[in-house]
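J.: Residues or ranges marked as domain 'ABC transmembrane type-1' in TrEMBL: 73-274. Here TrEMBL flags 12-34, 73-96, 108-128, 140-160, 181-203, 256-275 as transmembrane segment.
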Amino acid sequence: MKVRASDKIIDSCIILLVTVASFVCLVPILHLIAVSLSSNAAILSNKVTVFPVEWSTLAYESVFKDAKMVSSLFFTIVLVAVFTVVCMIMTICAAYPLTKKKLKGRDFFLILIVFTMFFSGGLIPEYLLVKSLKLTNTLWALVLPGMINAFYLIILKSFFSSIPEELEESARIDGSSHFGTLFRIVLPLSLPVLATLSLFYAVGRWNGFMDALFYITNQDLYPIQLKLYQLVISNQMSDATATEGMSAMAPIPESLKAASIMFATIPILLVYPWLQRYFISGIMVGAVKG
């Protein structure tokens, strides 16, 4: 088939835009890597761009020797694993019944779920609830309040609705229960959307630190993002005390901050290649069909 000149121009413009966008996204990461591998003197003299200057791995050595940072990383990995599993179980258990038109009160529950997307209970009531349940300074304070995301629930419900009812009817004729149908028929056919939503939940939990800031005071339970937040705040406090003429705290080297950020970013980046093949199909089918 002959390709029109206008199509070639459009394709070229799209490729150019994607290339520019990719470059804009990639440059900050390359700069961060370069800073983490450069000497502090080179960083302070603004010699570092996207390539390391005066190559040094001291920052990474310091990060890996920091027992609290390593402990925080392992705790965050456990937290993300528990959070993702719990969230997916709850989302599946909520989405599957809502695909059944015979479910009494189905429309009411759907309206209630959509309502929560626009209005929340508020930060202070949520904190008081978590505190009254004695969940502060526990892993569950970071898991239970965010067990179900309404938007992800609707995506999963739409995907389940796209599965032909004849498959479930055939399973029921063979004597399968609702749970048997869910685990043997529905879930195996829903791997793309399940992988996509698992990735969303995992990344959201990995990047979250506000709830930990409110609910966690025990440093042994600090997620990795909260540790990074402490690094930034401690540097700002050092600058503030120096400005006010007080005895200044020793500032944290920029290379150490950059290495800490990379230390916290690389693990979640390693997950993407395994789930990338499911990502587009999962989110598109789940959002369009239903």
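Using the three backbone atoms N, Cα and C, a Cβ is placed for every residue, glycine included.
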J.: Six or more residues out from either end of the transmembrane segment (140-160), which same-chain residues have a Cβ under 8 Å from its Cβ atoms?
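T.: That would be 79, 82-83, 86-87, 90-92, 94-96, 98-99, 113-114, 116-117, 126, 130, 186, 190, 193-194, 197, 200-201, 204-205, 208, 211-212, 215-216, 223, 282-283, 285-290.
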J.: Do at least three C-beta pairs under 8 angstroms join the transmembrane segment (181-203) to the transmembrane segment (12-34), pairs 6 or more apart in sequence?
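T.: Per Cβ check, the transmembrane segment (181-203) does not touch the transmembrane segment (12-34).
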J.: Could you tell me what the rest of the chain brings near the transmembrane segment (73-96), counting residues at least six beyond its ends with Cβ under 8 Å?
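T.: Residues 139, 142-143, 146-149, 152-153, 156-157, 160, 182, 186-187, 194, 197-198, 201-202, 205-206, 220-225, 263-264, 267.
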